[in-house]
Number of protein chains: 2
Amino acid sequence: MSLRYPNGKMYTPNNMLAKETNKSKNISYSKRGMTLEDDINETNEYYLREGIAVIHKKPTPIQIVNVDYPSRSSAVIKEAYFKQPSTTDYNGVCCGKYIDFEAKETKSRTSFPLHNFHEHQITHMKKVVEQAGISFVILRFSLDEEIFLIESQHLFGYWDRMIAGGRKSIKKEEIEAVGHLISIGLNPRIDYIKTLKNIYHF
Amino acid sequence: MSLRYPNGKMYTPNNMLAKETNKSKNISYSKRGMTLEDDINETNEYYLREGIAVIHKKPTPIQIVNVDYPSRSSAVIKEAYFKQPSTTDYNGVCCGKYIDFEAKETKSRTSFPLHNFHEHQITHMKKVVEQAGISFVILRFSLDEEIFLIESQHLFGYWDRMIAGGRKSIKKEEIEAVGHLISIGLNPRIDYIKTLKNIYHF
């Protein structure tokens, strides 16, 4: 019998996970049916549990219009709207360093469309860099199951090129040239802290 | 004629603000009708504008149950519930340092009730401290208009005393002994970054 978490994900006992570690590079995303967000959340839970880093996804910003109070202790939101986030989705701390990033995926094989980012997110990233925070994006090419970490400083260049009338995406070759390929593991799934430690030596 | 922002707050031209800076310590909260959260949000906007720090309040976490899509481009949340936050409300970066805090107020004059905090928030603060982040609380005694910054390390002591069966609040004298009084200003209103720079020398 296979067990599932309330969110529908399959439960895998820890001793099975351990045995499978050596073939971790062959995990198929399509088979697992995991999104990039799922994988990053599980990675962050692993970091938290192991005392490696404290990184959380920010809640989705909501504009609440109408709330019902059927009883003193409960509140039901009856009307609300999604707001555009003014920052990136993930932030936190590792070894005293401020960590801030956004994660996006594409089905393109040849380039990463810049419309995945909003202008105020780029503005936020620039401000984080000014404050000497570590700012980056995690980009996943979902069909090829390749994940890259790109420091925001590079992203700003591609963004400015688009604003100046240039291409609206980052070429795969450009990402391969400046980005850091993260190999997919099981525990943690996307070990971006390891990549950051190599880049920033902390 | 007095102008007001959409949220009902009075609009004050910048040149008036500048003139009033020298009497900034006499501002009455009751007259302004501002909450601690309003003041901290305005302080954070000031820090962001002036390039001093990038600190944001996290959105309220919501469990969304039912969403209506009346058209392709719009979504109305029809049923949702408030979730208990698993972290503190505010975090961000200043001069490369990770900053993380919670802000609470009380109408008591003699002590600060610890039920203002949840256990998982204390757990979060402990994890931030383990990662060498700067973790603290801003406590406001609203009747006396006094605001203190308390480093989380001190809060843990009072929390553990409560868990061990001791008092369920922090005495005002204890707060005065270990806390840092923040004088209320106009621009920024609650200059906690200045206090942090004095404590941590960054």
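Cβ atoms are placed via backbone N, Cα and C, with glycine included.
Straight from TrEMBL, the features:
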type: BINDING; residues: A:THR87, A:ASP89, A:GLU102, A:GLN121; note: Mg(2+) binding site
type: SITE; residues: A:LYS104; note: site 'Transition state stabilizer'
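Scoring each of the binding-site residues (A:ASP89, A:GLU102) by how many neighbouring Cβ atoms lie within 10 Å, the top position goes to A:GLU102. Proximity to chain B, defined as a C-beta distance under 8 Å, is registered for none of the recorded positions A:ASP89, A:GLU102, A:LYS104, A:GLN121. A:GLU102 (Mg(2+) binding site) falls within a strand when secondary structure is assigned with DSSP. Same-chain neighbours of the Mg(2+) site beyond A:THR87, A:ASP89, A:GLU102, A:GLN121, judged by a C-beta within 8 angstroms of the site's C-beta center, are, in sequence order, A:LYS58, A:PRO85, A:THR88, A:TYR90, A:ASP100, A:PHE101, A:HIS124, A:MET125. Among the binding-site residues listed (A:THR87, A:ASP89, A:GLN121), A:ASP89 has its Cα nearest to the Cα of A:LYS104 (site 'Transition state stabilizer'). Following the DSSP three-state reduction, the secondary structure of A:THR87 (Mg(2+) binding site) is coil.
Reduced to three states, the DSSP call for A:GLN121 (Mg(2+) binding site) is helix. The Cβ of A:GLN121 (Mg(2+) binding site) lies under 8 Å from the Cβ of A:PRO85, A:THR87, A:THR88, A:GLU102, each of these being in the same chain and 6 or more residues away along the sequence. All protein chains included, A:THR87 (Mg(2+) binding site) registers 22 other Cβ atoms within 10 Å of its own Cβ.
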